[in-house]
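Below is one structure, written out as structure tokens; comments come after it.
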Amino acid sequence: MSNTAVLNDLVALYDRPTEPMFRVKAKKSFKVPKEYVTDRFKNVAVEISNRFGEDDSETVTIDSVPLPDLADILTLGREENFSLFIPKHRNLSAKLINIFLQAENPKHLLSIACYAHDRVNPYLFIYALSVALIHRKDTKSLKIPNQIQTFPDKYFDSQVFSQGKEEMTVVPQGLRRPIEIPRDYTASDLEEEHRVAYWREDLGINLHHWHWHLVYPTDGGEIVTKKDRRGELFYYSHQQIVARYNFERFCNALKRVERLTDWQGPIKEAYFPKLDSLVAKRAYPARVQDMTMQDLDIPGQNIKVDVDDMIRWRDRIYRAIADGFITATNGSKMNLDDVTGIDILGNIMESSELSPNRQLYGNLHGFGHLMLSYIHDPRSHHLEPFGVIGDFTTAMRDPIFYRWHAFVDDVFQQFNGSLPRYTAEQLDYAGVQITDVNIKTPNAPDNEFRTFWQQSDVDMSRGVDFQDPGSVFVRFTHLNHEPFSYNITVNNTGNGVQEGTCRIFLAPATDERGNPWLFNNQRVMFVEMDRFKVTLRQGQNTITRNSTQSSVTIPFERTFRDLDTNRPAEGSEELDIFNFCGCGWPHHLLVPKGTPDGFKAQLFVMISNYADDKVEQDLSGSCNDAESYCGVRGGKYPDKRPMGYPFNRVARQGADTLQRFLTGNMIVQNCRIVHSDRTVRPRS
């Protein structure tokens, strides 16, 4: 069996994940050793395999190998929900990841995975296998299916599945119609927060959050957790999520999200997710209005944490920021300086295994998610599962996610506010002056973005178990924008060619009341649009950059990539890149929605000195086209500056507005975002 064939066989394990291995998967019929078959099916496996086998299926014979000890891992039942916020689940996933990482080669891994497949909780199995495949050198070129294909129940209303199963059972392949999801299916317009549900519940955003945490696990050993500036990237990627959400709120006449700081008062936001777990066979619980966070005691999950614990952890972190150092497990002091301090703080806040002292600083971010997710049954009296905020895959659907992360980001901003302010000389680039910038959108006035609604189809058949094979599509509506380009005029008065990093950000022009911004309020509202290297010859230079080249986003086709289509050649560099780059922000949400009369925004462009920005490394064959939020596979973050530069610190004395903050290598352009309430039908 060739290595390519084995890799394809590993991908087949994602097909219909709750079905046993002896059922045909992705047109492959797996013949597993008898000892691999669970007791439930030992007497019927061959008969069922023959009955449901497909005539054109390929037979894959699995070798018998020494079997791993799964005893601890099996303490999580097959029909339970799985959450990486639950420490017990994190530990179990780390154990399974290490079992998969220690396999001698892909063929050995396939055999172990086939054994684990029918025993381990499906959510846990797919997560651990995905992390292992991404981080093993001999499988990193494997194209991992996106989670919509594997577990569509985490993305679609439960009504979709009854319609889908009917379509798959009754209607022949080729005659099936897409099942359309209404844009407003979780609440009515009477609910104010529902104005931005199209953004929170967007499939691409939730896939991005899932994939980011797949690439940056909190546990599993250094091979999967120890990545360059991962704590800082946790801070920055989530800060940008909150900033983008606030931008979207402004476009819908909502004020900035309020930080969740009162942990003993009522929470006004309710949320009813309308999702059912097809693995746990239970609905995700709702949260009604005015519930309060309470001490958690969930014996079945070994969770016991009090609100007072959270307050102690918060206060210790604030004290560390004020003191300028944290205390490591061995009692030594680690300075929170202006280079590594934000990274250390990020590891503490996320509470990854890179945290210098989990015992002292706790798990503030993670247990915040858990307290909110069990708010309906904090002591497990009713044996209710956690809500959507307790799962990376579904958390961004819930309005409370953004209130919690507004608090988390405020902790980081407390630290950023303690750092030395950039001087004008530090920000400037001698000899480089930006004289003009404009945005070009086809058939639109200069400096105007245009957005609209787009309908797209995604195949969910691979995640619908125990049904006849064949595609069944779900049609959903999402925001999109017209392609555009930046045209930047730069004057280089230096003695020769200069190299720089062009940094492009966008922010609302005024606050929610229509008042001019103070710089230190506006700086956290800027969303990164692009970052790229430029070469400036002497004299005037014109830089043109297309929106599709953004360092923040990945294309629509990669966000919703299919197992079989758009696949690069086996063994090619493109295939390795294709897989890791599933992490980027969805391109269809690069531009905020805007308003019909044109939402006023400010485009900020800066060119910094590349000599101060560059990181020496070979990026050939690495994924770096969505580097801003996801970094570079197997390499260092490709910008030496702090993430979010130059908006990561409080402004210098006297620079109380954006205009006063500017130096010669910066420019601001007023622009508008015009939304057309039209819907474009699916792409062919």
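From the backbone N, Cα and C atoms, a Cβ is placed for every residue, glycine too.
Listed by Swiss-Prot as binding Cu cation A are His209, His213; the candidate from His135, His238 that the record includes in that site is His238. With His365, His369 listed by Swiss-Prot as binding Cu cation B, the candidate from His405, His478, His481 annotated for that site turns out to be His405.
Here Cys630 is paired by Swiss-Prot through a disulfide bond, and of Cys583, Cys623, Cys671 its partner is Cys583.
For the Cu cation A site, the Cβ centre of His209, His213, His238 serves as reference, and the other residues of the chain with Cβ at most 8 Å from it are His208, Trp210, Trp212, Ser237, Ile241, Phe392, Ala395, Met396. A separation of roughly 35 Å, to the nearest angstrom, links the Cα atoms of Glu350 (active site, proton acceptor) and Asn546 (N-linked glycosylation site).
Taking the glycosylation sites Asn81, Asn91, Asn416 in turn and counting surrounding C-beta atoms within 10 angstroms, the largest count is reached at Asn416. Checked against His369 (Cu cation B binding site), the recorded positions Asn91, His209, Asn487 differ in C-alpha distance, with His209 being the nearest.
In the three-state DSSP reading, Asn330 (N-linked glycosylation site) counts as coil. The Cβ centroid of His365, His369, His405 marks the Cu cation B site; residues of that chain outside this set whose Cβ lies within 8 Å of it are His238, Gly366, Gly368, Ala395, Phe401, Trp404, Val408, given in sequence order. Neighbour counts of Cβ atoms within 10 Å were taken for the glycosylation sites Asn330, Asn487, Asn491, Asn546; the minimum is at Asn330.
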